[in-house]
Amino acid sequence: MKVLAAGVVPLLLVLHWKHGAGTPLPITPVNATCATRHPCHSNLMNQIRNQLAHVNGSANALFILYYTAQGEPFPNNLDKLCGPNVTDFPPFHRNGTEKTRLVELYRIIAYLGASLGNITRDQKVLNPNALSLHSKLKATADILRGLLSNVLCRLCNKYHVAHVDVAYGPDTSGKDVFQKKKLGCQLLGKYKQVIAVVAQAF
C-alpha cells in the first residue's frame with residue numbers, strides 16, 4: 001500500500017510508530033509545499049552519516065537479542081527462520097545520485113519504522129519480560145525517526161522534493177505467534193543486511 005509523504009510526515013510517523021499500527025498514514029496532497037517543521041542543521045549530511053553508522057553498528061546486536069528472546073527453534077535455525085527473505089522491502093542502489101539515494105533511504109526508513117512498531121507491539125505481548133529487547137527496539141526506532149527527519153530536510157532544502165511515495169511491510173496483528181516471531185526475525189535480518197550497504201553508500 002502506498003501513500004504520499006511530505007513535510008508533516010516525521011510527526012505523523014512518530015504517532016504511527018508509537019502505536020505500532022500497520023495501517024498507512026493519511027494521504028498528503030501531491031502539490032504540498034516543500035517545508036520542514038524546523039530549520040535544517042548546517043552539517044546535515046554528517047548527521048545522516050553518523051546516524052547511519054550508529055544503527056549499522058547496533059543492528060547485529062539487536063538481531064541477536066531478538067532471536068535469542070524468541071527461544072527455540074530460532075537460535076539454532078537462523079538460516080531457515082531468520083533469513084532476510086523479505087520480498088517487499090524497498091530497494092537501494094548505492095551507485096545512484098545523492099538525490100536518488102536519499103529518496104530510497106527515506107523509503108527504507110519509513111518501511112523500517114513501521115516494521116519496528118509492529119515488532120515492538122508483538123514482543124511486548126509475546127515476550128513481556130524481554131525488557132532489554134524492548135529498550136533496544138525503542139532506541140533504534142528513535143534514531144530512525146531522527147534520521148527520517150534529517151533525510152527529509154536534505155531532500156526538501158537541496159532538491160526541493162515535496163513528497164516521497166512510501167510503502168509499509170505486512171501488518172502482523174492477524175498472524176499466529178510463530179509467524180509473528182518469524183516475520184520479526186526476517187525483518188531484523190534484512191534490516192541488518194541493508195543498513196550495512198546503506199551506511200557505506202553515504
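Including glycine, each Cβ sits where the backbone N, Cα and C put it.
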Identify which of CYS153, CYS156, CYS185 is listed by Swiss-Prot as the disulfide partner of CYS40. CYS153
Selected from CYS82, CYS156: Swiss-Prot disulphide partner of CYS34: CYS156
Whole-number Å value for how far ASN56 (N-linked glycosylation site) lies from ASN95 (N-linked glycosylation site) (Cα to Cα): 19
What's the CA-CA gap between CYS185 (disulfide bond) and ASN118 (N-linked glycosylation site) in angstrom, rounded? 12
If you rank the disulfide-bonded residues CYS34, CYS82 by how many other Cβ atoms lie within 10 Å of their Cβ, the lowest count goes to CYS34
